[in-house]
Amino acid sequence: MSDGRVNADQQQQENMVKPPVKRSHTLLIVTYVCLFVGSIASSLLAKYYFVHGGSSRWVSTWVQSAGFPLLLTLIYFPRYVFKTTTRRPFTRFTRRHLIFSVLIGFVLGFNNFLFSWGTSYLPVSTSSLLLSTQLVFTLILSAIIVKQKINFSNLNCVVLLTLSSVLLALGSSKDKPAGLTKTKYYIGFVSTIGAGLLFALYLPVTEKLYRSVYCYAMVMEVQLLMELSATVFATIGMAFDGGFREMAKEANHVFTKGPTVYWTVAIFANVVTWQLCFAATSGMVYLTSGITGGICMTALLAMNVIGGVVVYGDEFGGVKIVSTVLCIWGFSSYIYGMYMKMKEEEKEKGEYSGVKTTEDGGEMEVEMGKVKDDVAAADDRV
């Protein structure tokens, strides 16, 4: 009986203890593909809602987090469908995990509201480039909160991407949509900057929180709690602003594409793509770092600019061309820096004392004595 318990504990630990230090490159690639699709699709669909008659910023805020139940598939499928882990979902949660998940979730909800406010006024291309301003603050906050090392690679990337946003701001007077007052345009401008700053705080804070989780599935569990809190925030706003009644009114009388397209595209598709975007962002932060997640998101903003031009006919003049080139340049330089760093790490592999790495199905597993002891102690308390 005792031997069976020990064997079960060892098997559970092997499935649980996979810190982001050694990561599966396949999982990283899949995560970035999901981030690519989710980020671009959600930005375009968020604007689609406003372009075709939608007007409620609370509805736009609500759809960004209301799809949190979809994360249950990523939480329960690995154990009950694919049989890839023996860890029971929502175990190893501490009071700290719960409190921080809820608090970060409310901040995320307010961030979503600011993003919706900006999207309702600004072209997709402009708001996308403005959001890149978060990167410089992400680097600073990452250095303070998680002791991120500032080197030439990430500093050069931040400078180039920030410069692209400054150029956009200088040329923004010609980008104001017809019929939109200067006051509303600048409200959208400031709201988008505010959303970028809150997202800059979100990345290093979640990175610090994810350092205390045991596996990728647990990251999704934390993300689900965050999205649930953000949905509570948006639902309260919807209730006070009459957002739920507004949805029925918009679908039947206001939305130019009709009620079917309203519910399937403007609402449901928005819900799905936003969850894909946020889940992939969390996965990227866990597998790499907050600053890397921020840089990947910012690099995708260049694609959002092109998407806004192709789908909505946004103006694409000289300033935006230069800004887009700077975004791509900055991201490329960072990727090259990461590549060189990975080559150095490959040379140093296996030299870390107290750490043993093994290959299992193409994915790295890391066995760390202290962590395994902590998990075993936790097992005894369950």
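Keep in mind that glycine also has a Cβ here, set from the backbone N, Cα and C atoms.
The transmembrane segment annotation in TrEMBL covers 26-46 (among others).
Annotation source TrEMBL lists transmembrane segment at 58-77 (among others). Same-chain neighbours of the transmembrane segment (58-77): 42, 46, 49-50, 89-90, 108-109, 112-113, 115-116, 119-120, 217, 220-221, 223-224, 227-228, 230-231, 234-235, 237-238, 241, 243, 246-247, 250, 267, 270-272, 274-275, 278-279, counting only residues six or more beyond its ends whose CB sits under 8 Å from a CB of the stretch.
If you look up TrEMBL, you'll see 98-117 (among others) marked as transmembrane segment.
Summarising the annotation, TrEMBL assigns transmembrane segment to 129-146 (among others).
Among the features that TrEMBL reports, transmembrane segment is placed at 153-173 (among others).
As annotated by TrEMBL, transmembrane segment applies to 185-203 (among others).
Look at TrEMBL and you will find 215-240 (among others) tagged as transmembrane segment.
Under the heading transmembrane segment, TrEMBL lists 260-279 (among others).
Taken from TrEMBL, the feature transmembrane segment covers 291-312 (among others).
Among the features that TrEMBL reports, transmembrane segment is placed at 318-339 (among others).
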Same-chain residues at least 6 beyond the ends of the transmembrane segment (129-146) whose Cβ lies under 8 Å from its Cβ atoms: 118, 122, 154-155, 157-158, 161-162, 164-165, 168-169, 189, 192-193, 195-197, 199-201, 203-205, 207-208, 211, 289-291, 294-295, 298, 301, 305, 320, 323-324, 327
Top stretch among 26-46, 185-203, 215-240, 260-279 for CB pairs under 8 A with the transmembrane segment (291-312)? 26-46
Take the C-beta pairs under 8 A between the transmembrane segment (260-279) and each of 26-46, 185-203, 215-240. Which stretch has the highest count? 26-46
